[in-house]
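Residues or ranges marked as Zn(2+) binding site by TrEMBL: Cys120, Cys122, Cys130. The active site, schiff-base intermediate with substrate feature in TrEMBL is assigned to Lys195, Lys248. Residues or ranges marked as 5-aminolevulinate 1 binding site in TrEMBL: Arg205, Arg217. Annotation comment: TrEMBL describes Glu233 as Mg(2+) binding site. Taken from TrEMBL, the feature 5-aminolevulinate 2 binding site applies to Ser274, Tyr313.
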Amino acid sequence: MVFPEYRSRRLRRTAPLRALVRETRLSADQLVYPLFVVPGKKVRQPVVSMPGVFRVSVDNLAAEAEELLALGINSVILFGIPENKDGAGSGAHAKDGIVQRAIKQLKRSAPQLVVITDVCLCEYTDHGHCGFLVDNEVDNDATLEILAETALSHARAGADMVAPSDMMDGRVAEIRAALDENGFEMVPIMSYAVKYASAFYGPFRDAAESTPQFGDRRGYQMDPANVREALREATLDTEEGADILMVKPALAYLDIIARLREEFDLPIAAYQVSGEFAMIKAAAANGWIDGERAMEESLLAIRRAGADIIITYFAKEMAALLKKA
Ligand code: PBG
């Protein structure tokens with residue numbers, strides 16, 4: 001059937017008709033809100049390059065949790081900014097470290113909240129790289145042990161899920177083994193399986209104080225030009241025991257999300273990163289685009305590509321919009 005017998009516009013005529021045939025939907029319980037936790041008391045410090053995002057101290061987390069749950073957002077991912085940094089990133093696995101304290105506080109005040117932790121060293125090393133340096137290069141195998149120690153310390157503090165973002169080879173297996181040996185066999189691993197060396201992490205690195213002091217991350221994060229390598233990374237992490245595969249960033253890598261969705265049966269997460277958020281916010285602040293519509297459109301695109309879970313700084317705004325509708 002072709003025009004004029006068939007008319008595509010028939011089903012676009014009214015809002016209820018469009019809703020009836022809509023193929024993709026957003027829901028607050030698929031969104032994960034990133035939280036930056038800083039030392040101190042009563043801190044709620046705006047992140048300049050991410051309007052509406054704050055760095056908060058542990059004593060403000062109960063209020064954050066309450067706000068998120070009221071919006072229908074059930075999950076957070078934690079990033080810690082420690083008091084002190086050193087060469088080995090030892091603050092990452094300190095028993096009373098910033099993230100460990102944050103986990104305890106959140107689980108105490110909102111036990112039903114899914115607390116995911118980012119497992120990486122870049123916020124904790126004085127050089128800002130994601131691992132342990134040997135001769136000014138990130139040493140893969142020396143880093144594995146520190147990462148496993150870090151994931152384990154998060155689990156001990158009560159984390160519901162750990163998410164390694166360092167891009168070292170073999171880290172999922174190392175973390176799985178450490179968790180299992182210590183009675184945390186039920187703690188899932190959401191692996192940043194496919195993480196590109198991206199320009200879109202800029203605002204995050206301001207917020208997390210994790211800009212590398214020399215060089216860049218191309219020696220461990222992926223080349224944006226590659227797709228076969230993404231499939232290989234996802235295969236390796238699946239074999240090592242990942243429970244969820246993540247693609248990061250999201251909007252510039254929708255093809256990667258779609259390929260992973262086709263070829264793997266694990267849940268797929270996508271991280272709409274700081275730069276993606278900042279671009280929309282900046283353009284909207286200038287009156288160049290409708291920020292609310294651009295937010296919704298970008299999140300829908302990520303879902304349509306195949307992501308089950310979206311980590312996004314828009315989580316609160318999107319959930320509020322869904323509530324209104
Ligand atoms: C830690 C980490 C980064 C992000 C998440 N975990 C920064 C990086 O790899 O440089 C970026 C998130 C964002 O930009 O929102 N390695």
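Including glycine, each Cβ sits where the backbone N, Cα and C put it.
Only Cys120, Cys122, Ser274, in sequence order, out of the recorded positions Cys120, Cys122, Lys195, Glu233, Lys248, Ser274 have a CB under 6 Å from ligand 1.
The DSSP secondary structure for Arg205 (5-aminolevulinate 1 binding site) is helix.
Within 10 Å of Ser274 (5-aminolevulinate 2 binding site), as judged by C-alpha distances, the recorded positions found are Arg205; the full candidate list was Cys120, Cys122, Lys195, Arg205, Glu233, Lys248. A straight line from the CA of Cys120 (Zn(2+) binding site) to the CA of Lys195 (active site, schiff-base intermediate with substrate) spans 13 Å. Of all the recorded positions in the record (Cys122, Cys130, Lys195, Arg205, Glu233), the one with the smallest CA separation from Tyr313 (5-aminolevulinate 2 binding site) is Arg205. Non-local contacts of Lys195 (active site, schiff-base intermediate with substrate) by the CB criterion (under 8 A, 6+ apart in sequence, same chain) comprise Ser165, Met167, Gln221, Met222, Met246, Lys248. Within 8 A of the CB centroid of the Zn(2+) site residues Cys120, Cys122, Cys130, the other residues of that chain are Gly89, Leu121, Glu123, Thr125, His129, Gly131, Ser165, Asp166, Ser210.
Neighbour counts were taken at the CB atom with a 10 A radius for the binding-site residues Arg205, Arg217; the maximum falls on Arg217. In the three-state DSSP assignment, the secondary structure recorded for Lys248 (active site, schiff-base intermediate with substrate) is strand. Nearest Cα neighbour of Cys130 (Zn(2+) binding site) among the listed binding-site residues (Arg205, Arg217, Glu233): Arg217. Of all the binding-site residues in the record (Cys122, Arg205, Arg217), the one with the smallest CA separation from Glu233 (Mg(2+) binding site) is Arg217.
Taking only the Cα positions, the spacing between Cys122 (Zn(2+) binding site) and Arg217 (5-aminolevulinate 1 binding site) is 10 angstrom.
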